[in-house]
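Structure first, then comments.
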Amino acid sequence: MGSSEFSWKLADHPKLPKGKHIALIVLDGWGEANPDKYNCIHVAETPTMDSLKLGAPEKWRLVRAHGKAVGLPTEDDMGNSEVGHNALGAGRIYAQGAKLVDLALATGSIYDGEGFNYIKECFSTGTLHLIGLLSDGGVHSRLDQLQLLIKGASERGAKRIRIHALTDGRDVLDGSSVGFVETLEKDLAELRAKGVDAQIASGGGRMYVTMDRYENDWGVVKRGWDAQVLGEAPYKFKSALEAVKKLREIPNTSDQYLPPFVIVDDSGKPVGPIVDGDAVVTINFRADRMTMLAKALEYEDFDKFDRVRVPKIRYAGMLQYDGELLLPKKYLVSPPLIERTSGEYLVHNGVRTFACSETVKFGHVTFFWNGNRSGYFNQELEEYVEVPSDSGITFNVKPKMKALEIAEKARDAILSRKFDQIRVNLPNSDMVGHTGDIEATVVACKAADQAVKMILDAIEQVGGIYVVTADHGNAEDMVKRNKKGTPLLDKEGNIQILTSHTLQPVPVAIGGPGLASGVRFRNDVPTGGLANVAATVMNLHGFVAPDDYETTLIEVVDN
């Protein structure tokens, strides 16, 4: 792509000059929610962020960071760091997650990719195993996608297919598992009539089998491994429908917490353990509850539990679940092809860029920001600095993480005056928020606020501009709530902690001595999202954004 394709016209307003140093700060997991004791951002001492919100209302606003605003299928889909940074860097909204899978299945491109061709090598002699959530909830997986994948694989040579079904009851009504199993069994019976050996091989409830996240309880994954790989479980049945119906009769058992089961033949032998030469696909498109199983399936030096037997398989995810760990290495649906990101434009127009975070979010201000692209666009104009994250501990043990070290790197880069844009991610409110430790998350938010102050002080010294935003919510609401917003309690009367991202909007604040007095947020972009930030930053650098970018959030008002 020639540099002429990246040529820009200068912004045609004299109050948007080129050459100012711009600090672009992303507070990871920092949303806006009603103030209460479970809002760690509200509880924490955050004088810097408070001053941005209250000091100049025309230079502080909220934007959407979930659902369709970041390319996810529905407004019930919470944002995440990967899609959030894609949107922040690309300035446009790209299909993500379930939407990508839908497109790949509809066009048939899923069967042409490297991932499917990789697992297809096993079809002639091995079994294709599909593991994932059996649900139409659309949060982690969808039944119709599984049905299409089974059909497509059988048409492309899969002669022996085994499903390892995880029942839902969380994103859908409890008890709906029976209907989902009936639907799937009908499809599999039709395949068997056509000569394809297709059966459900094992199952269990999602919160008790396989689908743990954030390494909270490896026992959940082990129960799944034992059933799926070893063919061992406390309950054995001749059919999955019988299994689900019978196990639901156990007192206090629900779809979410169904115990693991395996399906056996007339001689009591499991019909579908995973063995050497087989292919495995984890069908969930959402990453957080598949990452742990992906590690167990893929890592040779895995040590979280005794796998007993590690079959030599070909494994692919529906998508790649962790872009930083490159996990899994093979996947059926590729990330969106994102070209002409804001970072690429900046470099082609001589804008010198510094990007920094600690290890857990370093890829977000580099790889994801640049459209899922590794490396530099122009190493002479860019510098990327990774601060090593703490390892071997959970993040609530040291909730300040590396916020101040990141801020020091950014401060030094600003004061060096070598860079036009200084871009950082402060991970604290997200990574500590995921631990569910409210006290530690309060400490994390305070540390992030202190880091913001250090960077803003440096911008003050060089007469620069700041843009402070976030990629999605997390720390602003640490408790599960009912539809009225009241915190939910568990059976013992304790608050149910929320460790996930949220659907809340996130702030964008602009300011600094380099920001002309007439620059303010527009009132005619009420539904702005993260993708609007790129054009905004381009304007602050003195450029007009490309026509296909989401519109800028700012305007210049002549005094």
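Counting starts with 1 at the first residue shown.
Placement of Cβ uses the backbone N, Cα and C atoms for every residue, glycine included.
Here's what TrEMBL has on this protein:
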type	residues	note
DOMAIN	20-543	domain 'Metalloenzyme'
BINDING	Asp28, Ser81, Asp471, His472	Mn(2+) 2 binding site
ACT_SITE	Ser81	active site, phosphoserine intermediate
DOMAIN	102-322	domain 'BPG-independent PGAM N-terminal'
BINDING	His140, Arg170, Asp171, Arg206, Arg213, Arg286, Ala287, Asp288, Arg289, Lys361	substrate binding site
BINDING	Asp430, His434, His501	Mn(2+) 1 binding site
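Counting in whole angstrom, Arg213 (substrate binding site) lies 16 from Ser81 (Mn(2+) 2 binding site) by their C-alpha atoms. Fewest Cβ neighbours within 10 Å among the binding-site residues His140, Arg213, Arg289, His434, His501: that distinction goes to Arg213.
Distance from the CA of His434 (Mn(2+) 1 binding site) to the CA of Asp171 (substrate binding site) is 20 Å. Confidence over the domain 'Metalloenzyme' (20-543), given as mean pLDDT on the 0 to 100 scale, stands at 94. Other than Asp28, Ser81, Asp471, His472, the residues of this chain whose Cβ falls within 8 Å of the Cβ centroid of the Mn(2+) 2 site are, in sequence order, Val26, Gly29, Ala65, Gly79, Asn80, Gly84, His85, Lys361, His364, Asn425, Asp430, Ala470, Asn474, His501. Within the same chain, the residues at least 6 positions away from Ser81 (Mn(2+) 2 binding site) whose Cβ sits under 8 Å from its Cβ are Asp28, Gly29, Lys361, His364, Phe368, Asp430, Asp471, His472, listed in sequence order.
The binding-site residues examined here are Asp171, Ala287, Asp430, Asp471, His472; by Cβ neighbour count within 10 Å, the least packed of them is Asp171. Spanning the residues His140, Arg170, Asp171, Arg206, Arg213, Arg286, Ala287, Asp288, Arg289, Lys361 that the record associates with binding substrate, the maximal Cα-Cα distance equals 29 Å.
Neighbouring residues of the recorded Mn(2+) 1 site, listed in sequence order and excluding Asp430, His434, His501, comprise Asp28, Gly29, Ser81, Ser429, Met431, Gly433, His472, Asn474, Ala475, Thr499, Ser500 (Cβ within 8 Å of the Cβ centroid).
Cβ neighbour count for Asp28 (Mn(2+) 2 binding site) (all protein chains, 10 Å cutoff from its Cβ): 26.
Annotated pair His501 (Mn(2+) 1 binding site) and His140 (substrate binding site), C-alpha to C-alpha distance, rounded: 14 Å. Here the Cα atom of His434 (Mn(2+) 1 binding site) is found 13 Å from that of Arg289 (substrate binding site).
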